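What Swiss-Prot says about this one:
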- R86, G124, T125, R126: phosphate binding site (BINDING)
Amino acid sequence: MRPSGRTAQQIRPVTITRNFTKHAEGSVLIEFGETKVLCNASVERGVPRFLKGKGQGWVTAEYSMLPRATHTRSAREASRGKQGGRTLEIQRLIGRSLRTCIDMSALGEHTITIDCDVIQADGGTRTASITGACVALVDALNWMRAQGMVKVNPLKEMVAAISVGILDGEPVSDLEYIEDSKADTDMNIVMTEAGKFIEIQGTAEGEAFSFDEMNSLVEMARHSIRELIDIQKQALA
């Protein structure tokens with residue numbers, strides 16, 4: 001039995017609140033159970049130097065956790081003068097995931113930056129960030145269309161992500177922190193609406209996992225991501 005009483009395949013209750021803040025072109029609060037992430041999408045004219053004159057846009061992301069998002073306070077990375085390796089890894093993952101779903105030529109020479117700020121962490125912050133950021137990105141693109149900044153919708157398809165793992169010998173989906181800290185295997189999987197993979201991150205924390213167990217986790221993730229994309233679309237309807 002999982003601590004929450006959920007079945008192995010069951011994800012936590014997911015809530016997506018759009019237009020959460022006033023100023024951002026796309027703003028979403030996403031909640032996976034007790035994990036809460038604010039995803040703000042900001043639109044700017046112009047692109048990084050390496051893209052200037054190419055007629056393409058750019059989508060990038062930044063990720064951070066508020067000092068008291070966890071059980072004990074963590075110092076702000078700004079106070080240490082640099083970002084940690086985990087932060088850099090996660091924000092690169094978010095950026096890669098979002099760029100996959102955008103036609104950069106249709107975006108034109110505009111940059112969209114997604115800021116993912118973890119308000120409260122209870123496992124799965126990077127996957128919640130990707131899932132919420134995609135909805136914020138869609139709202140930002142719709143704003144651009146309304147402003148006449150793009151002629152056609154640059155969105156190719158939705159993207160979502162989920163964590164899966166092996167807990168007490170059983171594959172489970174959408175791990176809470178207490179589960180993640182005890183899991184023998186932990187995976188983060190990002191997929192497109194069409195069912196294609198963007199990223200599979202898998203690590204054996206305790207006991208090594210078999211090929212069959214890996215396939216079980218991937219199949220479980222596919223099912224959960226289909227469910228998440230349905231939730232995204234309902235929020236955008």
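Every residue gets a Cβ built from N, Cα and C, even glycine.
Overlay of Swiss-Prot feature records on the structure.
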| residue | record | CB count, 10 Å |
| --- | --- | --- |
| R86 | phosphate binding site | 11 |
| G124 | phosphate binding site | 26 |
| T125 | phosphate binding site | 24 |
| R126 | phosphate binding site | 23 |
CB-centroid shell, 8 A cutoff, phosphate site R86, G124, T125, R126, site residues removed: Y63, I90, V118, A121, G123, T127, A128, S129, N188
Coarse DSSP state, helix versus strand versus coil, of R126 (phosphate binding site): helix
Max CA-CA distance, Å, over listed phosphate-binding residues R86, G124, T125, R126: 13
